[in-house]
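Just below is one structure, and these are the notes that go with it.
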C-alpha cells in the first residue's frame, strides 16, 4: 500500500513538473514570437495614422530603408507574392534586453487594400511555400484580414519576407472594383528605443537630467550604472539610472550640462516604410485586349499578303 502511494505521489509530481514546464514554454514562446505585433496591436486600432505614418516609427526612431515588390496587375481570386525586403548589415550586433550583444531580428506590417488577404494554405503553390520558409503571418485584427504582421524573426534568415496574398473577386464581393490600389509596408530591423508606455529601452542614448558635476558613478552588480550629479547651483544631487547595454561616456569629476549624452547610442537598427500600387485587372478587359492584338496582327498579315498579290499581278502585266 505504501509503495502504491509512493508511486502515485511520484506520478503526480512528474505530471505537475511537465505541466509547469509546458506552460513556461508556451508563455515564453508566445511573448517572443508576438513581441513585435503586440506592441502595435495593443496600442493602436490602425497601424497607419491619418498622416500616412506607420505607428511602428514611434518606437523605432532611426530611419532605415525598406522595399516592397508586387506584380503590376493581378486577376481576381489569384494568389500572388508580395516581397518585403529589409536590408541591413548582417554582421552588426544589437544590444539585447540583458545588455549583451546578439543578432538583429526583423519584423514587418503589410497594409493591403480592402478585400485582399493572406492566401489560405491550400491555395499556396510549392514555389511560394519554399520562399516563405517557416514564417507564420497573422492579421492585425480578426476583422482586419487585409493588414498582416510578422515578427520578430531572425534577420539573417528573413531579411526578405514573402507574403502569399489572395486577390478578391468582384463577382462575389460587390464592394470590390477593378481599380488601381495602394499597398503600404513598414519594416524594422533591431529593437526599438522606446516602449509603448513611453519608457526608454536600453537600446538608446541616455542624457543627463541635470547640469553639474558627476560626483559618483556606481557600477551595478547586474550591469548598468547609477550616476550621481551634484547640481552646482543649489547643491542638490540627481541620480540618473543607466541600464545594461549603452557604453558610458562620462567620468567622475566631469562637468556636464543638461541633456548632455551620458552614454553612446547602441542602436544599429531602424524602421522604414514604403508603398506600391497594384491593379485588380478585369479578365474580360484582358481578353478584349488580346482579341484586339490578334485582330491587329491578322490585319497586318492580310495587308502583307494583299501587297504580295498585287506585286505579282503587276509583275505579270509587265511581262505580258
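Glycine too: its Cβ is placed from the backbone N, Cα and C atoms.
Annotation source Swiss-Prot lists heme binding site at 36, 56, 59, 60. DSSP assigns residue 60 (heme binding site) to coil, not to a helix or a strand. For residue 60 (heme binding site), the same-chain residues 6+ apart in sequence whose C-beta sits under 8 angstroms from its C-beta are 188, 190, 192, 193, 269, 270, 271.
The signal peptide annotation in Swiss-Prot covers 1-35 and is backed by sequence analysis.
Per Swiss-Prot, transmembrane segment is recorded for 286-306, and the stated evidence type is sequence analysis.
Remote same-chain residues near the transmembrane segment (286-306) are listed as 75 (criterion: CB distance under 8 Å, separation of at least six residues from the stretch ends).
Each of the binding-site residues 56, 59 was scored by the number of other CB atoms within 10 Å of its CB, and the largest score is that of 56.
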